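Undergrad: Here Swiss-Prot flags 26-32 as motif 'Nuclear localization signal'. Positions annotated as region 'Disordered' by Swiss-Prot: 107-129, 443-511. Per Swiss-Prot, the feature compositional bias 'Low complexity' maps to 118-128. The zinc finger feature in Swiss-Prot is assigned to 393-410, 414-431; the stated evidence is sequence analysis. Under the heading motif 'LYPX(n)L motif', Swiss-Prot lists 493-503.
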């Protein structure tokens, strides 16, 4: 089948490309919408080849219509696309999708109300009548409607869906696609093939019994004999396939007027499946929020998946989409969505938020944050709030303050910065000028040892007469005695070092 690019050709393709997606919009239908619709039909296990004719589009529309109440946004878009394609096949002039939907509703109502005189002509006119000839009810060579059982391939597809999806919301559209035109016996066969999930099957049986009882209350049995050539009226249990045979089911579905027992039973099953989906999907739409690192596309997928399971009217679901989709997004996407405005489409939202959460977006946010931090720091320092330790720097080249020698603009001084001679640096300078050592004392000393060595001086005795004692003289005498003993001890511990004379000059202890 390929991409189904040959669905429309010539004038029909030109008519297709003139139809707007929405009233008052600028975008029109293109070839890519047909390709997308064909892929979606394959995903729902439908035949994309039905898109080539108006009858096939009508069959697909009847198949998808019951699932619109609980369907996602993608399912509604698929239905709208098929409605426009149906109008193009029938040469119905429409300007946008809304007009196509209105034309489709009018045509369906007209088909339901118009009489079918060809059905009364008998089996000879059966091929030209409006009797359903959908699978599994097919017409044999004699013109009679016979039943053809469901293929094992269809049953296998249904069982595989239930095992993989476990009654997720997408199970309902798949059931509608696989059970198109099926009889109650075929539907019971599909339900009986589900091996697990017996609790869900029991819930489904309870819903079917309730709907059957409601049918019996609304359709009482007419008293009296049944006219010749007619079949009895079906009861609720007959529609469920428990008290009716396959021949009776086929007769009801092909009678004039027909009683679509298969479609009625299918609606009951869909109601039960909706109840099961709510049980298997306990998350509320209010709890679906976008994570800080989650992409907007994944968030939208989770949102619509949960929205499909919500049992609410379409108006309420539209309100949830317009309000909660933006409200529960993360701050980055929320700012972008609010800037788009309330009338933005889902395509515009996903395009605008496409890069949010990726490496490029994270790098851009980090760069903006660093720029703001640097701006705040510079403003903070300019206002005088930065109180650091300010040191006055001095240039060794020119001797001025305020800059370093490597930034000095004056001519470079050659040689030692202290004496001006070449051949050595200032740290190795041996000029006669005295300089302070690392202890802060002037070095070298004029005489004697350096200040970091203990030095002893000759104590001179006073020549004045002794001072009279006034009570505190004894304390001073005691302190003086202790000082003398300490000096004697130091002299015994540190004898004079005469060997240092060659390094430090004359020894003051020998003078």
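In case you wondered, yes, glycine gets a Cβ from its N, Cα and C as well.
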Undergrad: Can you name the far-off residues of the same chain, 6+ from the ends of the zinc finger (393-410), with a Cβ under 8 Å from a Cβ of it?
TA: 417, 426
Undergrad: Check the zinc finger (393-410) for me and report the mean pLDDT.
TA: 84
Undergrad: Given a Cβ distance threshold of under 8 angstroms, which distant residues of the chain, six or more beyond its ends, lie next to the zinc finger (414-431)?
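TA: Non-local partners: 396-397.
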Undergrad: From the DSSP assignment alone, can you count helix, strand and coil residues within the motif 'Nuclear localization signal' (26-32)?
TA: 2 helix, 1 strand, 4 coil
Undergrad: Going by DSSP, how much of the zinc finger (414-431) is helix, how much is strand and how much is coil, in residues?
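TA: Split into helix, strand and coil, the zinc finger (414-431) gives 3 helix, 0 strand, 15 coil.
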